[in-house]
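Worksheet: one structure, shown below.
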Amino acid sequence: MIIKQLPLTDLHRHLDGNIRIETILDLGQKFGLDLPAYDIEALRPHVQIVEAEPSLVAFLSKLDWGVAVLGDLDACRRVAYENVQDAMNAQIDYAELRFSPYYMAMKHNLPIAGVVEAVVDGVEAGCRDFGIKANLIGIMSRTFGQDACQQELDGLLTQKNKLVAIDLAGDELGQPGDLFVNHFKQVKDADLRVTVHAGEAAGAASMWQAINELGAVRIGHGVKAIEDPKLMEYLAKNNIGIESCLTSNIQTSTVASFESHPIKTFLEYGVKACLNTDDPAVEGIELPHEYEVAAPKVGLTPEQLKQIQINGLDLAFLSDSEKQALRDIAAKR
């Protein structure tokens, strides 16, 4: 269950994995695209998980129609704005919305820097209108290779003062982290923090590399840490957080069942893990589902869920004063 007197955070939430079906339909028709279906229920299986996919890459293909309809920068601005509204509707107090501008720009050859600016504008407008706090994390999509990631990083850094961190996401097996060491030197020089998708499709070695060579202070998913007790101890000792996404890990077949998800073991080791959605529109879930449906299936106790909610704020890329302000607001509810 969610404790209302504590801030509720979602730190691992892909903006480009949370494009409403209604918006896909609307923008698809606006730009004259050949969609696989032209009503919401017929379109749903093409853009939302119906049953577990065999792999991460198969899961990610469900995101493709969402970005395919981004025919201009106004469309990018719209989906960013709607993402903030969706977070508000899920009772989230603070969201870190991550996005890949290369992926969003690709279908219609949009300017990457323009996509970044449009997303920044949309999120800022959403925060003003909906009264929640949100920050942005820029993604480099490793799936498209080193050169594409450099283009993506260049675009992201044009708005570096509007971002809190940079992430590396996508095909972890085909494009390992050691190909992106130089990219993350630039991230460090820009004084941005680092979170990396690791230990999802690849093993614990991918997480060590993300921490030691890329500078990750948080890890997205990180389920394979369970294979390496020394890594578990290191995560706990050095306060490196795990952004856990329970339903996503089932739907990508990263974890075989809720019962076998390692988050409970992470908490028992003292690893700071928090609950997040990942790609809510694609998964057909929202953050309350993770606390109220997925977490009990994993076997998390009320005390562990409270700790998870506390961890979410502790791990947020916010100043101490910003965190305290969120605590003060929640305490009055």
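From the backbone N, Cα and C atoms, a Cβ is placed for every residue, glycine too.
Quick look at what Swiss-Prot lists:
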- Glu200: active site, proton donor (ACT_SITE)
- His12, His14, His197, Asp278: Zn(2+) binding site (BINDING)
- His14, Asp16, Gly170, Asp279: substrate binding site (BINDING)
- His221: site 'Important for catalytic activity' (SITE)
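In the three-state DSSP classification, His12 (Zn(2+) binding site) falls within a strand. Sitting within 8 Å of the Cβ centre of His12, His14, His197, Asp278, and not among those site residues for Zn(2+), are the Cβ atoms of Arg13, Gly17, Arg98, Ala169, Gly220, His221, Glu243, Cys245, Ser248, Asn276, Asp279.
Taking every pair among His14, Asp16, Gly170, Asp279, the residues recorded as binding substrate, the greatest CA to CA distance is 13 Å.
Taking the Cβ of Gly170 (substrate binding site) as reference, residues of its chain lying under 8 Å away and at least six apart in sequence are, in sequence order, Leu60, Ser100, Ser141, Arg142, Thr143, Phe144, His197. Under a cutoff of 8 A between CB atoms, and with a sequence separation of 6+ in the same chain, the neighbours of Asp16 (substrate binding site) are Leu63, Gly66, Val67, Val79, Phe99, Ser100, Tyr103, Met104. In this structure, His197 is the one among the binding-site residues His14, His197 with the smallest number of other Cβ atoms inside 10 Å of its Cβ. Comparing the recorded positions Glu200, Asp279 on other C-beta atoms within 10 angstroms of each C-beta gives the minimum for Glu200.
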